[in-house]
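The structure appears right after this line, and notes come after that.
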Amino acid sequence: MKQLVLASGNAGKLEELRAMLAGLPLRVVAQGELGVEDVPETGLTFVENALIKARHASAVTGLPALADDSGLIVDALDGAPGLYSARYAGSPTNALANNAKLLDAMREVPSDRRSARFYAVIVLLRHPEDPQPLIAEGSWEGVITTQPRGDGGFGYNPVFLDPVYGLTAAEMDTALKNRLSHRAVALATLQHKLHAMSL
């Protein structure tokens, strides 16, 4: 079985990606298991950051690497927190502080203007200098709640409501969330290529 390194130090993201990749004929290994440390995300776009992470993990391990960069885009905040979603309330990353800052920024925003989306870019590099990385993107439309709901998931999940289901991402069971999420959409685009690829 071939190995694929997941270029992330985010435990919640790793768990989600591993579950979504479970059916593939790959041994999925987190970068931390191979001694790879996080690399600074200095890109100006989600794609650039995902490429930076994948190249770093692949260069250190010599393995193909899968990296994701994602964020929450809130229309009433002109796209914030966006690229800086993980560090919205400052460093180090703190989901509770990020959610509190977001809800505070949205305090006066009426219900009909609370639209938002989770957005993800997933990059697969076969080797560090791969001239044709596979890039897929996905989004998940929703609205920002007025208070946190649910205790599942991670990050902004307690404040992101899927209006079709009437549940926040934190209230959904794993199977439903992994079917609807921005990462699931991006991975679905990538999966048929992974099945056919010679890693």
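From the backbone N, Cα and C atoms, a Cβ is placed for every residue, glycine too.
According to Swiss-Prot, the substrate binding site annotation covers SER8, GLY9, ASN10, ALA11, GLY12, LYS13, SER70, PHE154, GLY155, TYR156, ASN157, LYS177, HIS182, ARG183. Under DSSP, ASN157 (substrate binding site) is assigned to a helix (H, G or I) in the three-state scheme.
The feature Mg(2+) binding site is assigned by Swiss-Prot to ASP69, with sequence analysis given as support. Within the same chain, residues at least 6 positions away in sequence whose Cβ sits under 8 Å from that of ASP69 (Mg(2+) binding site) are GLU41, GLY43, PHE46, VAL47, ASN49, ALA50, LYS53, ALA120, VAL121.
Taken from Swiss-Prot, the feature active site, proton acceptor covers ASP69, and the record attributes it to sequence analysis.
Here the binding-site residues are ASN10, ASN157, and the one ringed by the most other CB atoms within 10 angstroms is ASN157.
The number of other Cβ atoms within 10 Å of the Cβ belonging to GLY155 (substrate binding site), over all protein chains shown, comes to 22.
Per-site Cβ counts within 10 Å over the binding-site residues SER8, SER70 peak at SER70.
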